Amino acid sequence: MNSSSIFYNLNLLLLNLIDVVSIIVPVLLAVAFMTIIERKQLAAHQRRVGPNTVGYYGVLQPFADALKLILKETVIPSQSNKVLFYLAPVSTLVFSLLGWGVIPFGQGLQLADLSLGILYTLALSSLGVYGVLLAGWSANSKYAFLGSLRSTAAMISYELILSSAILIIILLTGSLNFITIIEIQESIWFIIPLLPVFIFYFISILAETSRTPFDLQEAESELVAGFFTEHSSVPFVFFFLGEYSSIVLFSCITAILFLGGYNFPELFINDFVLNIQSLILGIKTCIFCFLFVLFRATLPRLRYDQLISLCWLNLLPICVAFIILVPSILIAFDIAPY
């Protein structure tokens with residue numbers, strides 16, 4: 001291999017690294033400000049004052065929180081498996097950040113345009129539970145292990161509902177590619193004809209991201225946090241970032257699947273809209289981020305057995321009905337995309 005090819009490969013590697021950093025840094029900043037948005041919105045719901053001291057209107061509070069957590073002492077249980085103890089929070093954050101690799105922020109603004117982008121996203125979301133399981137098992141703590149078992153037991157139920165809802169969209173579009181799904185929605189956003197599908201899809205992503213009322217890994221009756229009871233300082237920060245990164249990621253995926261992503265309906269598309277595609281996607285993502293916080297502020301927590309009953313006995317029959325109904329309508333009117 002000559003020097004010119006080596007130089008070319010190094011330049012290509014550097015460009016790829018810059019692309020990755022240009023995605024990860026804004027995502028981490030969005031995660032930081034998602035925490036202040038949640039605290040402000042919860043304060044408004046509960047008629048109290050939220051963070052308002054650090055920075056103007058409290059906007060620097062996330063950085064103060066991060067500094068406080070990083071400076072805390074890292075306590076490692078003496079009987080724990082130290083490798084897995086550190087690997088669990090890191091894997092949770094890494095799997096969450098990897099999901100952004102296939103998200104299209106606009107025409108041509110995407111790290112990887114995979115033809116099986118949705119399958120890639122579903123695979124990563126399924127792997128996320130291993131961080132929870134390893135955290136509880138490696139800490140050698142009864143409370144942490146019970147929290148991880150609750151999460152693992154419920155995963156099958158809500159993952160089935162989530163994949164069924166996405167399967168309906170795949171049947172409607174005939175594609176697993178995010179950009180194709182966005183382009184098909186130039187006629188009408190899927191949230192309008194598929195409103196019931198959106199409802200049980202949103203229930204499943206609330207469970208997927210461990211948000212109220214389905215934050216099953218935590219248990220107030222035990223007076224501890226759940227699977228990350230033994231984690232402190234930087235390992236806890238990784239869990240914290242992983243959870244909020246998943247919230248922003250699934251809000252963005254929801255905007256793509258049901259609100260047309262970075263596009264408006266064809267009637268409103270013009271040169272101005274084409275120039276602010278990333279801003280459009282950001283606004284739609286923020287709508288669902290606010291919905292996440294709204295549900296936390298208004299709904300009580302359910303037990304994990306109640307979630308399993310809800311998914312298997314109530315939502316699954318509806319999912320199966322729609323999986324049969326949607327293709328039947330497409331074939332009956334001869335508009336099937338396949």
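Note that Cβ sites are derived from N, Cα and C of the backbone, with glycine treated the same way.
The transmembrane segment feature in TrEMBL is assigned to 12-34, 83-106, 118-139, 160-182, 188-207, 236-260, 272-295, 307-333.
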With Cβ-Cβ distances below 8 Å as the criterion, list the same-chain residues six or more beyond the ends of the transmembrane segment (272-295) that contact it, or say none.
34, 37-38, 41-42, 45, 105-107, 109, 202, 206, 209, 211-213, 247-248, 250-252, 254-256, 259, 261-264
Pairs 6 or more apart in sequence, C-beta under 8 angstroms, 3 or more of them: is that satisfied by the transmembrane segment (83-106) and the transmembrane segment (160-182)?
yes
Which of 12-34, 160-182, 236-260 has the most Cβ pairs closer than 8 Å to the transmembrane segment (307-333)?
160-182
Which residues of the same chain, at least 6 past either end of the transmembrane segment (160-182), have a Cβ under 8 Å from a Cβ in it?
102-104, 110, 113-119, 122, 125, 190, 194, 197-198, 200-201, 203-205, 208, 256-257, 260-263, 311, 315-316, 319-320, 322-323, 326-327, 330, 336-338
